[in-house]
Amino acid sequence: MAGVTEEKDMEKAVWSPGLDSAPLSVFATELKLGSLVTLLLLTIVSGLVPLFLFRHKGSTVTSGTRQRLLSLISCFSGGVFLSTCLLDLMPSYLASINDALQGLNITLQFPLQEFIMAMGFFLVLIMEQVAMGYKDQAGYSEETDALLGSPGLVHSGVGMHHVHVDVNAHSAVRTMALILSLSLHSAMEGVALGLQQGRGEVLKSCLALLVHKSIMSFSLILRLGQGRLHIRAMLVCLFFYSFMCPLGIGLGIAWAGQADPVEQLTRSVLEGMATGAFLYVTFLEILPHELSSHHPQIDRVLVLLCGFSAIAAVLFIKI
């Protein structure tokens, strides 16, 4: 009789593994919820630091020294964006869409993954050219001036007027592409964290995300400040970006155990479009701006490498 009872207990343990792992799952869920709140607050605080720098221009530090410091910080953010593009967005997107295609038993001869990224790249390019054409036809817009806080180059002549319009059109479209691509990727990272179950895996991902999103938030708002956005517009962008990763974590927790290859493929396509858009902004806006100095300055390149290495180190921790 005792042997029969022990045998039933063994069968129960074999067929009900969730019983032993329940406390682990609860701990992982609590950790995700805690990281949701912490991530939101830390991302907002990190983004407020550049706003503090832009608001306090009249400091005891000389204008040349301050400009030099902001230039180096900007180069650091350029390295952050480059590393995020090459080491985070692209590998994450390719792994996600390959898993989705494998789950649907789809084998392709055409490079669909890279094609989707190219479509995101060309989407931003087309939007930018359409915006520039509209600006050329409609003339200078006071609404654009109110948003971007332009330095008033329009009074310098016809040629300078066209330069002014092009800069505004480029800035508006590229700023929108930068915000949307980073926010979508941030939400996808949150979903990936919300779907994880192991305690160690969740803890390591939470710590890496906290560091990663803090650096990205600082770099993003610094970049927006260089685009002459007003403080109110930068705050809206900061809160929008900050809420996306916690939103993704919440969705991941809700979707845990309900993996659907079709839904994953849809998310992967959106992520691929966002990656292509971010690729455009990184290589045609951010890096040319940081490396446009007429004099060779090795310190700018070194700081750029430091920003690249910072994100690379965070991603290495996530492995």
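For all residues, glycine too, the Cβ spot is worked out from N, Cα and C.
Annotation comment: TrEMBL describes 33-54, 69-90, 110-127, 234-257, 269-288, 300-317 as transmembrane segment.
A Cβ distance under 8 Å defines the sequence-distant neighbours of the transmembrane segment (234-257), meaning residues of its chain 6+ beyond its ends; these are 29, 32-33, 35-37, 39-40, 43-44, 47-48, 51, 175, 179, 182-184, 186-197, 209, 213, 217, 220-221, 224-225. When Cβ-Cβ distances below 8 Å are used as the criterion, the transmembrane segment (110-127) is approached by residues 90, 93-94, 97-98, 101, 173-174, 177, 181, 269, 272-281 of the same chain, each at least six residues removed from its ends.
If one looks beyond the transmembrane segment (269-288) by at least 6 residues along the same chain, the residues whose Cβ comes under 8 Å of a Cβ in the stretch are 77-78, 81-82, 84-85, 89-90, 92-93, 96-97, 113, 116-125, 170, 174, 177-178, 180-182, 184-185, 188, 223.
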